[in-house]
Every structure is written in C-alpha cells, then in structure tokens.
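Remarks on the structure that follows.
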Amino acid sequence: MGRLLALSLLGIALALLGERLLALRNRLKASREVESVDLPNCHLIKGIEAGAEDIDILPNGLAFFSVGLKCPGLHSFAPDKPGGILMMDLNEENPRALELRVSRGFNLASFNPHGISTFIDSDDTVYLFVVNHPEFKNTVEIFKFEEEENSLLHLKTIKHELLPSVNDIIAVGPEHFYATNDHYFSDPFLKYLETYLNLHWTNVVYYSPNEVKVVAEGFDSANGINISPDKKYIYVADILAHEIHVLEKHPNMNLTQLKVLKLDTLVDNLSIDPSSGDVLVGCHPNGQKLFVYDPKNPPSSEVLRIQNILSEKPTVTTVYANNGSVLQGSSVASVYDKKLLIGTLYHRALYCEL
C-alpha cells in the first residue's frame with residue numbers, strides 16, 4: 001500500500017513537472033521563428049559589442065545607452081568587463097557612441113547597469129536613474145548629467161526591501177520613480193523556481209524619499225516600464241505573459257489597471273515616440289534562444305510600434321525583425337527625429353535612419 005501511494009505521488013509530481021515545463025516553453029515562445037523585416041540605412045554602432053539593454057533619449061537628441069549587463073546564467077560577450085553608460089548625439093551627421101565618465105567614489109568595477117530613465121527638473125538639471133546589479137544585487141543609482149564635461153556625477157544609491165529584483169525604471173521626479181521587479185525573490189535559485197512555477201508574484205513599486213509602496217502586482221514577470229506623454233498613464237511590459245498593461249496614474253501615485261494588450265512575442269523595454277505618442281517595443285520572438293545561447297542558432301530580434309494604445313483597437317506593426325544574423329536579442333527601440341536606435345540584451349546595437 002505504501003509503495004502504491006509513493007508511486008502515485010511520484011506520478012503526480014512528474015505530471016506536474018511536465019505540465020510546468022510545457023507551459024514554460026509556451027511562455028518562452030520556444031518554437032517561434034521570425035520573418036525578416038528590414039530597414040534601409042542601418043548600421044551597427046561602433047563601440048557597443050556586449051549589449052545595450054536600455055536606451056533613453058533626451059528631448060534635445062542626446063541618447064543614453066545602458067551597456068554591458070550581466071546576469072546569472074545569461075550569455076555575455078564580455079564577461080569580465082564592467083558595464084557603463086554611453087551617450088550619442090543624434091543631431092550629428094555621423095553620431096558616435098562615447099562612454100561617459102563617472103565621478104570619483106562610485107564603484108565602477110562592479111557597475112552592472114540594467115534599465116535607465118532620465119528626468120529633467122524645473123531648473124533644467126538632467127538626472128539619470130540607473131538600475132544597477134553590483135555583484136548581482138539590486139540598487140538604483142541617481143546621477144546628475146553634466147553635459148559640458150560629458151560626465152555623470154553620482155548623487156545617491158537607493159536600496160529597499162521592496163526592490164528585490166529591479167528590472168526597469170521610469171523617473172517622475174528628482175528622487176521619485178516607478179520600478180518593476182521581474183521576480184519576487186532575489187536568490188537566483190528561487191528566481192528560477194518562481195519562473196518555472198509561474199507564480200505571478202512580480203510587481204511595480206513607487207519610490208519617493210517619503211514613501212515606498214507596491215502600486216501594481218500579479219504580473220508573470222514585470223519588465224519594461226514607461227509613461228504616456230501626458231503623464232496620466234503608466235505602461236508595463238509583462239515579458240513572459242506577452243502583454244502590455246496600461247495603468248492609470250492617480251494623484252497619490254497609485255495605479256489602476258485600465259486595459260491589457262496581448263501580443264505574440266516576449267515584450268521587453270518600452271519607449272515613447274515623442275512626436276506621436278506611439279509606443280515602441282523591443283521584443284524577443286523566441287525566449288528559449290535568448291536564454292539558452294547557441295551561436296549557430298542565435299536569438300532573433302523584433303521591434304513593434306503600437307499606435308493609439310489607449311483605443312479599443314490599437315494598431316500594431318512590425319518595424320524591424322531579424323533572425324539573429326545582424327542583431328541578436330533586441331531589448332529596446334527608441335526613436336528621435338526619424339532616427340531609430342535598437343539595443344540588445346547582450347549583443348550589438350543598431351542605428352537606422354527612417
């Protein structure tokens with residue numbers, strides 16, 4: 001009787017594991033292939049060889065790149081090189097990516113930047129917020145951008161128990177931001193288990209010097225985040241659920257879900273086209289290729305444009321798609337004055353003139 005019970009429990013456990021594995025493959029879109037959608041007048045950006053996970057562009061055309069991200073279990077083309085912040089002036093005829101100097105006292109050796117966001121104060125001071133993973137921990141760094149010196153002055157490091165696994169950030173004040181946690185746990189093994197079991201425990205946190213709180217939760221894996229041009233709505237990408245959530249922002253900074261847009265791809269970072277309000281999305285057509293790297297069958301890239309996201313039927317178009325022969329693992333796309341920048345999780349970055 002005991003053996004029969006043990007065998008029954010083992011069978012149930014194996015069936016559950018098999019079901020979870022199949023569900024994970026579906027969430028990763030493990031069988032999906034992408035058809036190429038090419039853009040003319042594109043070239044790879046010199047100096048970006050190991051990823052530009054996030055990009056943010058100021059209204060004056062200065063673009064910031066978060067480069068060199070490293071995560072446990074994730075492929076890296078430069079595993080021993082610290083990350084950094086690069087800048088490109090898109091007003092130049094042939095813009096180049098230049099690394100910004102960082103003020104003394106900041107630990108550059110462990111700099112591991114992830115999501116980034118800029119905020120321009122009423123006195124025109126530019127702040128750069130950077131999600132950082134020094135030694136695979138979680139902090140948010142606030143810098144002041146000093147344009148004349150092409151440098152960043154480090155102002156503050158933020159750590160908080162409600163920020164255990166920060167992915168992306170959108171600044172809404174000089175020390176105020178919304179941030180996504182892509183996992184509930186910070187321990188790598190528990191992160192893998194959480195993803196495998198599909199617990200939907202990830203969230204969005206609002207941070208200010210006076211208040212820190214969870215303002216949205218229940219995501220499979222909350223990832224990219226941005227804000228509408230009128231500052232009334234927050235957009236959140238749920239990468240493994242293939243969704244973009246539109247949330248209304250209230251005066252107390254709480255969020256209320258307004259709608260969910262379902263897509264057929266893994267949605268990463270979100271950018272806003274300042275000329276139209278369209279949402280540009282860096283996507284991973286096949287997540288399994290992204291996380292299990294094979295140079296003979298590399299991860300593909302995909303960029304979507306979403307028009308009228310607040311309407312009942314938003315228009316979704318594919319701006320760019322590549323099977324990995326040019327660009328592997330696109331994570332972000334940002335546009336300025338008919339110039340498109342596409343960054344990747346750990347590969348190169350692309351500059352296109354539209």
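Using N, Cα and C of the backbone, Cβ positions are placed for all residues, glycine too.
Just so it is clear, the model here is predicted, and its values are computed rather than measured.
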Study note, to complete from the structure: For the Ca(2+) 2 site that Swiss-Prot gives as ILE116, ASP168, the extra residue out of ASP38, ASP54, ASP230, ASP238 is ASP54
Exercise for review: Kindly point out which candidate in GLU53, GLU92, GLU93, GLU353 is recorded by Swiss-Prot as part of the Ca(2+) 1 site with ASN167, ASN223, ASP268, ASN269.
Suggested key: GLU53
Review point. Which of CYS283, CYS352 is the other half of the disulfide bond that Swiss-Prot records for CYS42?
Key: CYS352
Practice item. Consult Swiss-Prot and report the residue, out of ASN226, ASN254, annotated as N-linked glycosylation site. Key: ASN254
Check your understanding: Excluding ASP54, ILE116, ASP168 themselves, which residues in that chain have a Cβ inside 8 Å of the centre of the Cβ atoms defining the Ca(2+) 2 site?
Key -> GLU53, ILE55, ASP56, SER66, PRO113, HIS114, GLY115, SER117, VAL130, VAL131, ILE169, GLY224, ASN269, VAL332
Revision key, fill the gap. All chains considered, the count of other Cβ atoms within 10 Å of the Cβ of CYS352 (disulfide bond) is 20
Practice item. Calculate the distance in Å between the alpha carbons (Cα) of ASN254 (N-linked glycosylation site) and ASP168 (Ca(2+) 2 binding site), and round it to a whole number. Key: 18
Review point. In whole Å, how far is ASN223 (Ca(2+) 1 binding site) from ASP168 (Ca(2+) 2 binding site) when you measure between their Cα atoms?
Key: 6
Practice item. Consider the recorded positions CYS42, ASP54, HIS114, ILE116, ASN323 and say which one has the Cα lying nearest the Cα of ASP268 (Ca(2+) 1 binding site). Key: ASP54
Review point. Once near-sequence residues are set aside, which residues in the chain of ASN323 (N-linked glycosylation site), 6 or more away, have Cβ atoms under 8 Å from its Cβ?
Key: GLU33, VAL34, SER36, SER300
Review point. How long is the line from the C-alpha of CYS352 (disulfide bond) to the C-alpha of ASP54 (Ca(2+) 2 binding site), rounded to the nearest angstrom?
Key: 16
